[in-house]
Amino acid sequence: MTYLQRVTNCVLQTDDKVLLLQKPRRGWWVAPGGKMESGESVRDSVIREYREETGIYIINPQLKGVFTFIIKDGDHIVSEWMMFTFVADSYTGQNVSESEEGKLQWHDVNDIQNLPMAPGDGHILDFMMKGQGLLHGTFTYTPEFELLSYRLDPQHIK
């Protein structure tokens with residue numbers, strides 16, 4: 001049986017800019033965030049992780065995506081992750097240019113799809129910036145992070 005890892009992240013968008021983090025290992029751009037601590041709520045986790053990685057305190061983050069990531073080697077499930085993605089449009093503080101996790105940079109919303117990132121992340125970021133409601137998704141990758149399959153289920157909240 002594999003252990004389910006829980007992570008949170010946040011897409012901070014102000015005007016037409018989004019703050020992203022470039023991970024050093026593959027050079028991929030991601031929404032800042034990280035692993036939840038034992039007993040921590042998803043909201044507390046995203047606020048803490050965002051501050052740790054960026055120096056910024058996000059104000060009133062809203063949950064907009066719940067995702068399952070399955071890493072498979074053949075028919076064997078190597079690991080499973082649950083990711084809770086939030087959006088925010090206001091914050092206090094100023095971002096650092098670099099943290100232990102990588103380099104931080106504001107990007108124009110229209111340039112996001114041209115950045116190097118995990119194959120499924122473009123779909124997630126696009127919905128976070130432009131979609132309405134809550135997005136559920138499942139992504140299956142190889143251990144080398146080749147995307148095997150994905151499914152997205154937007155849920156429009158009335």
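Backbone N, Cα and C define each Cβ position, glycine as well.
Over in Swiss-Prot, the protein carries these features:
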{"type": "BINDING", "residues": "Glu49, Glu53", "note": "Mg(2+) binding site"}
{"type": "DOMAIN", "residues": "3-130", "note": "domain 'Nudix hydrolase'"}
{"type": "MOTIF", "residues": "34-55", "note": "motif 'Nudix box'"}
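Here the motif 'Nudix box' (34-55) has Cβ contacts under 8 Å with residues 5-10, 12, 19, 21, 61, 63, 84, 86, 93-96, 99, 101, 104 of the same chain, all six or more residues outside its ends. On the 0 to 100 pLDDT scale, the domain 'Nudix hydrolase' (3-130) averages 95 in the predicted structure.
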